[in-house]
Amino acid sequence: MEESFSIEKLQEKLKEKIKEVERLKHLLKDLKESSCEPDLLRPKTECCRLQNLGPVANLTKGDIERYSRQLILPEFGVKGQVKLQSTSVLIVGAGGLGCPAAVYLAAAGIGRLGVVDYDEVELSNLHRQILHTSDRVGLSKSLSIVRSCYRLNSNVEYVPYHLQLSSENALGIIKQYDIVLDATDNVATRYLLNDACVLAQKPLVSGSALRFEGQLTVYNNNGGPCYRCLFPQPPPPESVTNCSEGGVIGVVPGIIGSMQALEAIKIASGIGSSYNQRMLLFDALDGTFRSVKLRPRSPACIVCGNDPSITQLVDYVQFCGSAASDKDQELSVLDQQFRINVKEYQAMLSRREPHLLLDVRPEVEMDICQLPHSSLNIPFATFNRDISKATRQVLQGIKDLARENQDSQHQQENSKSIDGTFMQLSHEEGNHRKKPSENDKFIPIDTPAVVCVCRRGNDSQVVVKKLQEELKMQLSQGELDRNQPDIKFVDIKGGLHAWARHVDSQFPIY
Ligand SMILES: [Zn+2]
């Protein structure tokens, strides 16, 4: 048994290695190819001076053939095409919105396309970030996008930036483009882009997509409002959800990103945008598009108003209280004594230490994967909605567990007294037995701890903190027995992601 298990493990390991070799081969091929690509496809790591994009006087034979289907549109025509080819667009964010936006702008023949992203391609990006490919995992996203677009249309000038847009470099880059697309997923960058576009007097085509919903609007264009006119204050950081936290159906950013390209093309070609002072709301579940009128530009706006107080870029991370990153931030809510790492938890499991495993992920995520120990699932949202109810459920879980442990101990003793051997008692059997000392205010703890886990180790910390505070309150108000011994709550550092990284490489990461 032991041997076949290790053969299987080895086979899996081998499969993994073969996959890794394949990936490296692809990467090598990609790099070799890129050495034949023009210098312009090399990502820039800082703002640099670009040559002026000269006006295009007339279309070549190749242009006419390539763009013929849009040239015959009366609203667009040769005039529109020439303008488009004289226009530069900067896309900030090479993800779910940036990919479709880039591909349509490249296909339509925009003059210059800059793409900013500090990140590398990950496997979990590919369901929506459709210009990246499986063999480009680990490659710079901005490079990956322009490489795909280059194959579609090499007449466009591409400028990939592998860098994080910041207060230091944003203006220098943005000033060199005619239109900016906000294809990012975080509040700090939204304010940064807004202020930079107001200061540089560029239209900002802003898109967002989350779960089944998308939004689109154009700021700072034709006398319309800027982002700050509508949202002078950033939302509280804990109220902001991004795609890696909340999830998204890939088609939704696909639709919104395509519309960002469309609005950019309309602005560039002279047709003009339909979304100055308007916002498009797309609901994929209902299949509906709505367009709502927004407030006009605010004369009191601190950046685009009549007497602006922001005349240069500020510290947006500080202003928003959250990082300018689309990735989840690691919280540090709990004291170290209330945290264990995945190795420590693995040791607890192998010692068969009795504990209540409290998994606070949403129900839908419980179906994806679970730790190898039965758990009580109370979603994080429940703790926010009704802490006393959630606490009751946890306390009930501890009581049940204590009862099961006592039962199995009894059973062990009984079976030992019969024939001296150990007999396992199932949990179900244990539940039927009535126990002495039933006192609602007293939680028997021969179990050392409640171990709280979530996907990444943020929610679990918050829950432990909430539980600690709630119990303290219940004790002080006499809702719990005064002799109640401390219940030790801990959380697993880094959550399931850490478990997959450090303990079980076969454990799925999502
Ligand atoms: Zn404004």
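In case you wondered, yes, glycine gets a Cβ from its N, Cα and C as well.
Unlike curated records, TrEMBL annotations are generated automatically.
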Coiled coil range according to TrEMBL, out of 7-34, 119-146, 231-258, 427-454: 7-34
ATP binding, same site as ASP117, SER124, ASN125, LEU126, HIS127, ARG128, LYS141, ASP185, ASN186 - TrEMBL member from GLY96, GLY98, GLY207, GLY214: GLY96
Other residues, Cβ within 8 Å of CYS226, CYS229, CYS301, CYS304 Cβ centroid (Zn(2+) site): ASN194, VAL198, TYR219, ASN220, PRO225, TYR227, ARG228, LEU230, ARG297, SER298, ILE302, VAL303, GLY305
PLDDT averaged over every residue in the coiled coil (7-34): 84
Cα proximity to CYS304 (Zn(2+) binding site), best match among recorded positions SER124, LEU126, ASP185, CYS454: ASP185
Distance [Cα-Cα, Å, rounded] between LEU126 (ATP binding site) and CYS454 (active site, cysteine persulfide intermediate): 24
For GLY96 (ATP binding site), the one of CYS226, CYS301, CYS454 that lies nearest, given that the recorded positions are compared by Cα: CYS226
Cα-Cα distance linking CYS243 (active site, glycyl thioester intermediate) and SER124 (ATP binding site), given in Å to the nearest integer: 11
Cβ neighbours of CYS226 (Zn(2+) binding site) where a neighbour is any other Cβ within 10 Å: 21
Cα proximity to ASP185 (ATP binding site), best match among recorded positions CYS226, CYS243, CYS301, CYS454: CYS243
